[in-house]
Ligand code: SAH
Ligand code: SF4
Ligand code: F3S
């Protein structure tokens, strides 16, 4: 029996693609292994959103060379965004790679493996001419939660971002296909789904028939078994009241919103090609908080975008203090070749970027801690996910707002149970609770 091992980097879209790759491999007779040394096929499903991601992956590809030397039949495949970006250059840099498979072609993995076995030559497929997304089955990793891709690609072209270049233009899956997927998942015992797209708020616009994200949210309401619907990522330019109303009236959409702002300076937002102002963003947040009571709000922020002055940066700090996010994912601007920002003048020195990042994290951590402390004494529904990674006597689950709650393990509790937890202690990153 042949065995496979998949490394997954990057965002949830890649997690989902890996599950779809796994399903195909299993239909071809492969089984999963936890021991990479025993694999006959290793896939690295890659990300290239920042340079650090790419460097880490090249490091791993180098480390895997010794396994190829030990086992001449081992097949090494690179899939995902970095494969799409670097294409045949990957073979030049690391000739021990067998397959480079781009983001639009994962449905061809088994044919490519067969070609390598037959011809022992490099196999490359990075075509991006799809106009319809292939419908691919997944082998879900989770026992009660599953990813549901609703679209692929991005049309936004933020000036720092490589994603539109490696994922192509937006293509949505039909509402009916998504509803059918979610019905099946509900019937199979999945309680929680996450709708995935680089910009879910432009879902359906490519059909040009009036379909939009709100239409989909309404269509997914009340599907038997589905307790929680998450969705990511939202975009402040395309998210509108109609969609927020649909999220608010749904009986199973969660009280969580990830709404990347990127910067608190209108001047920088403009240079980023993000077509909204800080004022518009704040209005949007206020409306979301009104329509979705108890909302957990998170964001992404880039520090050190070219031309970012102390004043621009301070505006971002102020935005954090004004909005009071539950959490902010903060990134140092990374030059991605082929994007406009990579060659803009006034690049910010590395040292300045690092200082700004630290300051932002300090401000945010204080806010996260205060908001989590506010939850102490209150009771929340959580779905149990399993044992804590660091302490076997503790388990954890998540609230509808996606906050992690740690609690002492008890025999009566099982993974996937929905239970009530009273919060006993709020910390910056996690909460502690007791199960009622
Ligand atoms: N489609 C999503 C997220 C895409 S990538 C969105 O629009 O929000 C996830 C995050 O990585 C982005 O929100 C951004 O904050 C960050 N990011 C993207 N390109 C980057 C770059 N070149 N340097 C630093 N951070 C970057
Ligand atoms: Fe990148 Fe902007 Fe598209 Fe998000 S919306 S994937 S940041 S180009
Ligand atoms: Fe990375 Fe591609 Fe996702 S670049 S963040 S894996 S869309």
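Every residue number used here counts from 1 along the chain in the order it is shown.
Note: Cβ is positioned from N, Cα and C throughout, glycine not excepted.
Together with 47, 81, TrEMBL lists one candidate of 11, 154 for binding [4Fe-4S] cluster 1, that being 11.
Neighbour counts of Cβ atoms within 10 Å were compared across the binding-site residues 11, 47, 81, 158; the minimum falls on 11. DSSP assigns residue 154 ([4Fe-4S] cluster 2 binding site) to coil in the three-state reduction, outside any helix or strand.
Closeness to ligand 2 is met by 154, 161, these being the binding-site residues among 47, 154, 161 whose Cβ falls under 6 Å from the molecule. Summary of the [4Fe-4S] cluster 2 site environment: with the site residues 154, 158, 161 set aside, the chain residues having Cβ atoms within 8 Å of the Cβ mean position are 156, 157, 160, 162, 163, 164, 198. With a CB cut-off of under 6 A applied against ligand 3, none of the binding-site residues 154, 158, 161 are retained. Taking the centre of the Cβ atoms of 11, 47, 81 as the [4Fe-4S] cluster 1 site, the nearby residues of that chain (Cβ within 8 Å, site residues left out) are 9, 10, 13, 14, 46, 48, 49, 53, 80, 82, 163, 166.
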